[in-house]
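A.B. asks: Pasting a structure here, questions to come.
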Amino acid sequence: MKPTFCQTYVLYLSPPSFCSASPAFYLFCWPCSCSTCHGWGWSCVLTGCCLCKWLRYQIQLPRNMIENSMFEEEPDVVDLAKEPCLHPLEPDEVEYEPRSSRLLVRGLGEHEMDDDEEDYESSAKLLGMSFINRSSGLRNNMAGYRQSPDGSCSVPSTRTMVVCAAVFVTVISVIMVIYLLPKCTFTKEGCHKKNRTMELIYPLATNGKLFPWAKMRLPSDVVPLHYDLELQPNLTTLKFSGSVKIVVNVLQVTRKIVLHSSGLNITKASLTSTGGRQAKPVELLEYPLHDQIAIMAPEALLVGQNYTVNIEYSANLSDTYYGFYKISYKDEDSKQRWFAATQFEPLAARSAFPCFDEPALKATFLIKIKRDEKLTALSNMPKKATTPVTNGIVQDEFFVSLKMSTYLVAFVVADLKNISRETNGSLVSVYAIPQHINQVEYALNTTVKLLEFYQKYFLIDYPLEKLDLVAIPDFQSGAMENWGLVTFRETTLLYDSKTSSARDKKLITAVIAHELAHQWFGNLVTMEWWNDLWLNEGFATFMEYFAMEEVFPELHSDEDFLNLIFKAMMKDSMNSSHPVSSAVQSSEQIEEMFDALSYIKGASLLLMLKNYLTEDVFQASIEVYLHNHDYGSAQSDDLWDSMNEITNGTLDVKKLMKTWILNKGFPLVTVVRSGRNISIQQEKFLYRVEPENWTSDASYLWHIPLTYMTNRCNFTHCVNAYLLDQKSAVIELPEEVEWIKFNVDMNGYYIVHYAEDWKTLIDLLKKNHTALSAKDRANLINNIFNLASLGKESLENAFELIDYLKEESSTAPLTQALFQLSLIYNLLEKKGEQQLAARVMYRIDNLLGNKIDQQHWTDNGTLSERELRSILLAFACTHDIRQCRTAAIGMFEKWMKSDGTMSLPSDLMKAIFITGAKTNEGWEFLLKMYSSSVSEAEKSKMIEALASTEDVRKLIWLMHNSLEGEVIRAQELSHIVATVSQSLPGYLLAWDFVKENWEKLTRKFHLGSYTIQNLISSSTSQFATRAHLLEVKTFFESKSEESSKLRCVKEALDTIQLNIQWMERNLAKLQKWL
């Protein structure tokens, strides 16, 4: 939107010299006061924008310049003496920021600053106002040009217009002459051959001195080569002490070494030069806002020389899930024990030891850990030696690591037991606390099989001599791929043959496959910066499901991947989405990259590419990529370049894939069949909400590798391919066909609209649904319900398509239909449309009732059959369909009478527990059993049942107790809130809980983390009224600026608006025909 400015131009001949743009772009600047500028600012006649907006993009001032607490006692200082051509600012003319911020300006510099837009705006206003207020006479002259009360600007006098026009012509002529002079920059001092650059604006360190760096990213003048790290955690005092020696190499002459440190009490710092015997004392400066410290050398550090930074420090073991943190658990004798573990990704290595905490700054590590002799210490590398230190204390020294990123460093100190097996020269071990050691065998067998598969597929051996997998009693993520020491939540590693379901086995296998894939994608080759996180997580997710299909085909993991893609597309269809590869800088932005798009969309794009290139070409491309960048870092383009080496000019993979990773969202392909001609057209699939919240899709053009099949399919030629790289095209078939289905097996990341052919496909499913694969049937269900939500297809047709489900027996289409119908049921129920919601449930009963009745209450059958049985019976018992609750309550009461000793079918535990928790007695018994159970799989099902009660007091207690971690661990909180928010009694409670505990939640889980994303999403996803929309929006606006700008907050608001839109579009129609 183009700004509107005052019509009176007051000429400002002296251009703002603090602007780094070419002088031609600010020849004419005039003061303006209008609604667009929100006050006084400079407007430019050529660019048509006011200075505050102009500076947001042209002068980069970091967030650290606008601080509240740090500068409370400091007067404003403006020192521009080093640049004589700059206009001096009088101290009394500097205008204060609304947040009572202070600005210290040492002069403007040649380095670019942090590009956070709000910081630019705040700083620009500060500087802009100073220039406007330079002269009271100028202010008086401008008084006549202010806006009138009605918002319009006064008309300038004829004299003013004539003067402005004359000076305009003069200055244009002068500048044209200047530009004809080679390499000349026009300043007050005349023409210079070399452009004078601006000096850097520096923040203040904690001691009040200038901190020598202003960016969030570290400077490039030194790089780390090696770390010697010594640690001594004390599991009695819950503190740890440490020392680190970092060998750095100097790339540019400097007197500073800037690195990361967070929450560490640094007691000593020194610097040693190469060959130097004596460490020299240094000045240490700290800047907590960016988690940075600066080592100020007494003399210049020389290019090419190595120096050693020596730092001693101490800290508390963290009570969050980040850094080096403590975990409390009860042993076999119910005594409290402590466990210390690490979680460094993405930005927490700096809270365990001072380091260069950026993924591209790889180094080698030698780690030594002092511990109680009764405990076990593990790290990335095998143990080299153990030596006694004092009574009861020993020190473990580990071998020097391979070159790796800081976020992959890991160590664990705890009472652990393990089982091991060797494969291909590497010792694989699985560790757990003693009472769980009998649940690790499945994980060990699975790890060995998958490790062997990956080594054969990549043609690169796993490079370490050992691989440890450790079950952590309290762990926020599912797992973490630390090189050589992979850490897991207990539910994703421990398998109990008596209580673990088919679904549990699939989850454990998938998580292990994911983390092992990271040993190559992420550890061996690491993304250069967090904007390309998808190179790590997208590849690991893709390989996870690919490996499971190859090694464990009986698990049918492709069906799970399909459902994940559907959910990722829901997120990606909103304007709050982001490209797979997105620019990030702040910690919140980096945390938010760990979402479904980096993982699932990234993986689905690789799946689409593999099918288009063919499997052999894709595999060869991966081998080239890994070999080209091993022990280094890479960007997205490096992957495409590796693939282009293999395609050898037959296909420009980079050109094709950039349309997918740099565009947010995905295409909608509309298909119109006319005889042998198939017209296809692409547009962006986007749920549009409020006009100000969505961006135009006119410029979006994907290169889409389309696949399609027809009724003419035969064994020799079934799937056809076509690359749609234009807005529209026509495919000419060799003969007319009865039907056509695009996106075969949902191997492409796009939705298809069949226009008039939907009726043909609906009839096909009714007559012969097996003509299409189970994945294709699930794909059609997903597409037609999404198109109905978009308004391009009727909801009545969507319901007609799923009428065939009475004949369906495959998991993928049944689960997708249940998912879509549950969304509608939940919206209607929360809206107060109880009768209409009951009619939706009646429709589900009519479609699936007979199938529910056919299920046996046992664990018999294939894994796929068992999983489908678990899904259907849990749904039926939750919604009281057929006689499900009668059978479930009978089994629950028998189990309760046996005091929990009776064996229950593991696949049906969820349905049985949910039903049993409906009564007060049953709920209390479940809670007691939860506290005493040693099976994490069983406890996970109990948690979901406890959160399914309709007793609001119990729900409130459950959420608060989990946050405090007293009986139920805080790692379960996200799952509990999500379950509570699904029920009618609980959905408002869940949102109230998030609101009331927001500060506690963000301290525990970190702003932007996956847990915070899930809490916001689940607690607001059921809202469908404008009152709730306003409430959610107002709440986050009242919080910190970082909170209100979270992408997940924008996504929550989009979701509520879409719910409102869906109800307005479909409620009346549903009432008529359902």
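Using the three backbone atoms N, Cα and C, a Cβ is placed for every residue, glycine included.
Those TrEMBL annotations? Automatic predictions, nothing curated.
If you look up TrEMBL, you'll see Glu515 marked as active site, proton acceptor. According to TrEMBL, the Zn(2+) binding site annotation covers His514, His518, Glu537. The domain 'Aminopeptidase N-like N-terminal' annotation in TrEMBL covers 223-408. Among the features that TrEMBL reports, domain 'Peptidase M1 membrane alanine aminopeptidase' is placed at 442-660. The domain 'ERAP1-like C-terminal' annotation in TrEMBL covers 739-1057. Positions annotated as site 'Transition state stabilizer' by TrEMBL: Tyr599. Among the features that TrEMBL reports, transmembrane segment is placed at 161-181.
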A.B. asks: Can you tell me the CA-to-CA distance separating Glu537 (Zn(2+) binding site) and Glu515 (active site, proton acceptor), as a whole number of Å?
C.D. replies: 10
A.B. asks: Would you kindly give the Cα-Cα distance separating His514 (Zn(2+) binding site) and Tyr599 (site 'Transition state stabilizer'), rounded to the nearest Å?
C.D. replies: 11
A.B. asks: Out of Glu515, Tyr599, which of the recorded positions has the smallest number of neighbouring Cβ atoms within 10 Å?
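C.D. replies: So among Glu515, Tyr599, the recorded positions given, the one with the fewest Cβ atoms within 10 Å is Tyr599.
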A.B. asks: Roughly where does the domain 'ERAP1-like C-terminal' (739-1057) sit in mean pLDDT, to the nearest integer?
C.D. replies: 95
A.B. asks: Quick check: which same-chain residues outside His514, His518, Glu537 lie with their CB within 8 A of the centre of the Zn(2+) site CB atoms?
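C.D. replies: Residues close to the Zn(2+) site, other than His514, His518, Glu537: Glu481, Glu515, Ala517, Phe521, Gly522, Asn536, Phe539, Ala540, Thr541, Met543, Glu544, Tyr599.
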A.B. asks: If you skip the near sequence neighbours and keep only those at least six away, which residues in the chain come within under 8 angstroms of His518 (Zn(2+) binding site), Cβ to Cβ?
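C.D. replies: Listed in sequence order, they are Glu481, Asn536, Ala540.
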